[in-house]
Amino acid sequence: MVKHQPLQVYEKQVFVSFVTGIYGCRWKRYQRSQDDSSRWECTWFIILCSSFLLLLFWAYFWLVAQNDFNEFNWSVYNRSGEWSDETIPILASTTVGFSYITFLLILALFHISLGQQLNLYWVHKIGVLATLLTTVSGVISVDDVWGDEWDILLVSLQSTAPFLHIGALATVTAISWLVAGYVVRRERSNFQMMVLLIYIIILLAVYVAPLTFTCPCIMDRDSLRHRPDIIGRRGAPMLAPENTMVSFNRALQHGATSLEADVTISVDGVPFLMRDHTLRRTTDVSKVFPARQFDDTSFFNWTEIRSLNAGHWFLESDPYWTVKTLTARERNRIGNQTVCSLVEMLRLAARSNSSALLNIRKPPPEHPRHRSWFMDTLWAVQKAGISQKRVTWTPDTDRGKVRGLQQTTNEKLSVEEIRQRGITSLTLHYGKANHRDIQEYLANNVSVTVYPVNEPWLYSILWCSGVPSVSSDAPQVLRKVPYPIWLMSQSAYSFIWISSDLVSLAVVIGIFCFQNYHMIRWRMSGMQNYNPEQIMLSAVTRRSSRDVNIMKEKLIFSELNNGLSSTEELSLYPENGYATYSHGGLSR
């Protein structure tokens, strides 16, 4: 018999201690609370959710942007003048930040589901804020340095949208458990109704989202066109130094049917292959001609250019992490590479029965070959002995003087403009080549080449779109794609879509009914007045022993808080697990 001693049953709750300890450094039971979280802590929860969504977007962007990592590093090089793989620190920091924020968000959701108060530890608050600011600064920097790359997000949705829809559907279905627990098991308020309304709107939006999808690979197998030809863009620059003979040879070995090269005219009228405006990145000009390393590439004569080494930089910088895969013989051959002339590349194309796509950079006005550069190029084509019909000319200037070559452009033109200019094909960036335009060009016998295509998912959707050829830095990767990654008929996808929506709807309704179980029982029993304590007590017999003990503790505390007098006494019945109290004495 104990006077004025509340019954308290403390049991070890390892999982709850783990969750509250890591999230808010509250390892002991008396530090935890099931009261409503403060507005300040709810604000931090919103910041945590915002950080997660931003990092999810950021991680997805870099996942699909792998197709253009070479372009990103080249853009950074043009600004800084130093070549390095800048994607490594970005990917490492994104992985760490995303893992950290995701872990904290999972702990926060466990807090909500367990009815624990949200109290984010101050160290985590600093970490969340630092991660958020770092990600925001990264987005701003990429928009400044690489703003055109955002187009890949819309392009990637043509391949990933059906799978993202399933993931979003599973997520909003799972969240229904938290929403139902918040809305059903509390007294009604306007804020709860607003939360419920927002959730329903999001759920319906996810259900009908496939109506907005444009996925070329949702098609009948019989409609699939032949496999797109692969053009070696500067050869195979991931396996050998770009625009060199060994690089073009490697591209042909890995199934390239055509070769693409960047052409520059030397000061003495020799067309040679070089992408950059200077020779610093891909040659040893800083050692051979240190005073001229920042000079424009076209202001060197052919003898000076030929004296430079064009392979050591590849072995030293290892820009694609592929040098380790090379044999000693291949490394020796790469180390002896020189700058390649246009004639050499065209002769290789002629011997291999391939075609060539030339991106020619017109010399500046002060260059001695400024007016005769196209004649120098035609002379190289004739000297190489390749058929002019197998050479495609990219520049839009002086088209009337090069009638024998195939004409292409990098501009996105209408069919009427293409016919007026005498163009037979288009070479478009994948961000400009949408499915509808491609179908229109093909219907009017206009060939389309899309660049750069380095990842199987992008190659697959362009294959489904009917693109005849793609220009790639990685022919060795695309060679391993004998069929689109995924292909599905419209009827099969519609069945999966509708079935998933119906299953999700059934689960959501079931969760809300389960969470509202005691309310339904009360209504069906015809109770006149709603008594939450009575409803909860009616469920005690169905709860586990742990829940019963916790419930008894809560009930006794509630009675004590309601004003027990000094003469009120409490009696314990340990043999049957019940506790009662009486006024002025003991009852048993």
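Easy rule for this one: first residue shown is 1, then count along the chain.
Every residue, even glycine, has its Cβ placed from backbone N, Cα and C.
As annotated by TrEMBL, domain 'GP-PDE' applies to 228-482.
Marked as transmembrane segment by TrEMBL: 42-63 (among others).
Summarising the annotation, TrEMBL assigns transmembrane segment to 88-110 (among others).
Positions annotated as transmembrane segment by TrEMBL: 122-142 (among others). Residues 23, 25, 44, 47-48, 50-51, 54-55, 58, 61, 90, 93-94, 97, 100-101, 104, 149 of the same chain, all 6+ positions outside the transmembrane segment (122-142), place their C-beta atoms under 8 angstroms from a C-beta of that stretch.
TrEMBL lists 162-184 (among others) with the feature transmembrane segment.
Annotation comment: TrEMBL describes 196-213 (among others) as transmembrane segment.
Among the features that TrEMBL reports, transmembrane segment is placed at 492-514 (among others).
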With Cβ-Cβ distances below 8 Å as the criterion, list the same-chain residues six or more beyond the ends of the transmembrane segment (42-63) that contact it, or say none.
87, 90-91, 94-95, 97-98, 101-102, 104-105, 108, 118, 120, 125, 128-129, 131-132, 135-136, 138-139, 142, 152-153
Within the predicted model, mean pLDDT of the domain 'GP-PDE' (228-482):
92
Report, as numbers and ranges, every residue of the chain located at least six residues beyond the transmembrane segment (88-110) whose Cβ falls under 8 Å of a Cβ in that stretch; write 'none' if there are none.
19, 22-23, 45, 48-49, 51-52, 55-56, 58-59, 62, 118, 120, 124, 127-128, 131, 134-135, 138, 178
Can you name the far-off residues of the same chain, 6+ from the ends of the transmembrane segment (162-184), with a Cβ under 8 Å from a Cβ of it?
109, 112-113, 192-193, 195-196, 199, 202-203, 206-207, 209-210, 213, 215, 218, 488, 493, 496-497, 500-501, 504, 507-508, 511-512, 514-516, 519
